[in-house]
Amino acid sequence: MEMLQGLLLWMLLSVGGVWASRGPLRPLCRPINATLAAEKEACPICITFTTSICAGYCRSMVRVMPAALPPIPQPVCTYRELRFGSIRLPGCPPGVDPMVSFPVALSCHCGPCRLKTTDCGGPRDHPLACAPQTSSSCKDPPSQPLTSTSTPTPGASRRSSHPLPINTS
């Protein structure tokens with residue numbers, strides 16, 4: 001009887017874990033829209049733009065007795081397919097490349113974290129945003145698409161959540 005109770009408890013916990021991972025509180029790994037900041041040290045203006053990144057829940061496990069066995073590799077939500085987009089930073093001095101490239105997620109999957117290409121979490125040396133300055137360095141996105149031949153007209157506000165058209169050629 002005790003073995004049957006243990007088996008029943010194990011089944012309930014297993015099924016409950018699956019239900020919890022598929023619920024609305026934990027969306028699965030998928031491309032989502034995110035607003036990022038682009039800046040270069042020599043260029044005076046930082047701009048925000050919207051692109052797609054990989055984000056969401058990946059099933060993982062933690063050992064009950066971590067000291068007895070080596071850690072289990074934890075999957076992360078990462079790119080399956082991607083392309084690169086680019087934007088032109090306005091106001092860069094001559095001799096400084098004003099183009100900034102960034103990945104655009106086409107599809108995502110749960111897989112190992114590759115430190116060369118992926119932010120695997122943990123502490124950061126700097127925030128992923130425009131550096132605070134005495135003057136306003138972050139600008140609203142321009143009204144026209146950014147390509148290698150167009151330059152945005154700086155806006156007046158500090159931040160924007162409006163999408164910035166990007167060149168993804």
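Just so it is clear, glycine is given a Cβ too, placed from its N, Cα and C backbone atoms.
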- Task: Name the residue from CYS29, CYS43 that Swiss-Prot records as disulfide-bonded to CYS92.
- Result: CYS43
- Note on the structure: According to Swiss-Prot, the cysteine among CYS29, CYS120, CYS130 that forms a disulfide bond with CYS77 is CYS29
- Taking CYS108 as one end of a disulfide recorded in Swiss-Prot, give the other end from among CYS46, CYS54. CYS54
- Based on the record in Swiss-Prot, give the one of CYS46, CYS110 in a disulfide bond with CYS58. CYS110
- Item | Residue, out of the disulfide-bonded residues CYS113, CYS120, whose Cβ gathers the largest set of other Cβ atoms within 10 Å | CYS113
- Please report how many Å separate the Cα atom of CYS46 (disulfide bond) from that of CYS58 (disulfide bond), as a whole number. 33
- Query: Cβ-Cβ under 8 Å from CYS77 (disulfide bond), same chain, 6 or more residues apart: which ones?
  - Reply: CYS29, ARG30, CYS54, ALA55, GLY56, TYR57, CYS58, CYS108, HIS109, CYS110
- Looking at the recorded positions ASN33, CYS113, CYS120, which has the shortest Cα distance to CYS92 (disulfide bond)? ASN33
- Task: Mind giving me a neighbour count for CYS110 (disulfide bond)? Other Cβ atoms within 10 Å of its Cβ, every protein chain shown.
- Result: 18
